[in-house]
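Encoded as structure tokens, the structure appears first; notes follow it.
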Amino acid sequence: MAMAKAGAPRVSAAQLVTLGLSLLCAVAGPAAAQNCGCQPNVCCSKFGYCGTTDEYCGDGCQSGPCRSGGGGSSGGGGANVASVVTGSFFNGIKSQAGSGCEGKNFYTRSAFLSAVKAYPGFAHGGSQVQGKREIAAFFAHATHETGHFCYISEINKSNAYCDPTKRQWPCAAGQKYYGRGPLQISWNYNYGPAGRAIGFDGLGDPGRVARDAVVAFKAALWFWMNSVHGVVPQGFGATTRAINGALECGGNNPAQMNARVGYYRQYCRQLGVDPGPNLTC
């Protein structure tokens with residue numbers, strides 16, 4: 001259930017030109033940090049950099065105080081998240097979990113909607129159909145990772161998921177960075193920047209993700225917006241590759257991969273949209 005490290009995003013020539021202009025504007029104050037992990041009051045640009053000018057907070061802004069194009073419930077195209085993720089939809093997922101599951105009283109629609117306000121780019125930036133597909137994809141992966149919101153933390157807690165080579169995000173003594181939350185965020189190099197972006201000590205207190213449902217959803221959405229959101233238009237298979245490609249794609253574990261596809265198809269049907277092409281990886 002551990003989340004795989006996402007690869008570096010590919011940047012086109014046109015993006016490099018725009019990125020260069022954005023970096024020139026850094027003199028005005030923004031501190032560039034690839035793949036974001038920005039402070040709460042700083043925007044994450046469509047190319048994954050932190051800043052506060054229009055180049056960062058304008059068109060394509062992924063998270064933070066976006067000024068245009070992001071739009072949590074309006075603007076920038078896409079789907080109205082609160083209208084799509086109804087109580088019936090959310091609780092319908094939870095109802096599939098057993099009565100003794102710890103997550104049944106932890107994961108709530110209100111916690112998700114509270115968290116998604118911090119990520120106005122989620123389910124936005126394209127058409128309403130594309131927005132609904134992104135919502136279906138997010139919940140398909142969350143369903144697979146948590147067993148219909150049954151599990152809060154990874155079952156096997158023996159692995160510390162500490163990568164000492166990631167010196168920017170040093171592991172704290174006695175802490176383990178195993179999977180927690182809707183997407184089972186794992187590894188010190190994910191907890192560290194997620195905590196910095198959300199506003200908690202991800203390295204010193206990774207357990208916060210398992211104690212606070214809003215933080216849990218924010219951590220999942222942080223990973224999603226930084227590592228998955230950009231590949232959603234490529235098809236559901238690309239989102240699986242971004243989350244757990246090393247373990248499930250390329251024939252490594254077709255049963256697990258196809259289980260994700262099954263949930264995605266189911267949720268697309270519920271939301272009234274075609275799942276689109278390229279569902280497998």
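Using N, Cα and C of the backbone, Cβ positions are placed for all residues, glycine too.
Note that the structure is predicted; figures quoted are calculated from it, not measured.
The signal peptide annotation in Swiss-Prot covers 1-33 and is backed by sequence analysis.
The domain 'Chitin-binding type-1' annotation in Swiss-Prot covers 34-68.
Classification of CYS44 (disulfide bond) by DSSP places it within a strand. Its own atom aside, the Cβ of CYS44 (disulfide bond) has 29 Cβ atoms within 10 angstroms in the protein chains shown. The disulfide bond annotation in Swiss-Prot covers CYS36-CYS44 (among others).
The disulfide bond annotation in Swiss-Prot covers CYS38-CYS50 (among others) and rests on sequence analysis.
Swiss-Prot lists CYS43-CYS57 (among others) with the feature disulfide bond.
Under the DSSP three-state reduction, CYS61 (disulfide bond) is assigned to coil, being neither helix nor strand. For CYS61-CYS66 (among others), the entry in Swiss-Prot reads disulfide bond.
What Swiss-Prot records for 69-78 is region 'Hinge region (Gly-rich)', and it gives a curator's inference as the kind of evidence. Regional average pLDDT for the region 'Hinge region (Gly-rich)' (69-78) in the model is 49.
Look at Swiss-Prot and you will find CYS101-CYS150 (among others) tagged as disulfide bond. In the three-state DSSP reading, CYS150 (disulfide bond) counts as coil. Sequence-distant contacts of CYS150 (disulfide bond), defined as residues of its own chain at least six apart whose C-beta falls under 8 angstroms from its C-beta, comprise ALA97, GLY98, CYS101, GLU102, GLY103, LYS104.
The Cβ of ASN156 (N-linked glycosylation site) has TYR178 as same-chain neighbours under 8 Å, each 6 or more residues away in sequence. The feature N-linked glycosylation site is assigned by Swiss-Prot to ASN156 (among others).
Here Swiss-Prot flags CYS162-CYS171 (among others) as disulfide bond. Sequence-distant neighbours of CYS162 (disulfide bond) (same chain, 6+ apart, CB under 8 A from its CB) are CYS171, LYS176, TYR177, TRP187, ASN188.
Taken from Swiss-Prot, the feature disulfide bond covers CYS249-CYS281 (among others), and the record attributes it to similarity to another entry. All chains included, 22 other C-beta atoms sit within 10 angstroms of the C-beta of CYS281 (disulfide bond).
Under the heading N-linked glycosylation site, Swiss-Prot lists ASN278 (among others). In the three-state DSSP scheme, ASN278 (N-linked glycosylation site) falls into the coil class.
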**Asked** List, in sequence order, the same-chain residues at least six positions removed whose CB sits under 8 Å from that of ASN278 (N-linked glycosylation site)?
**Response** GLN234, GLY235, PHE236, GLY237, ALA238
**Request:** List, in sequence order, those disulfide-bonded residues among CYS38, CYS44, CYS50 whose Cα sits within 10 Å of the Cα of CYS57 (disulfide bond).
**Result:** CYS44, CYS50
**Request:** For CYS43 (disulfide bond), just count the other CB atoms lying within 10 A of its CB, please.
**Result:** 28
**Fill in**
If you measure between the CA atoms of CYS61 (disulfide bond) and CYS44 (disulfide bond) and round to the nearest Å, you get 6
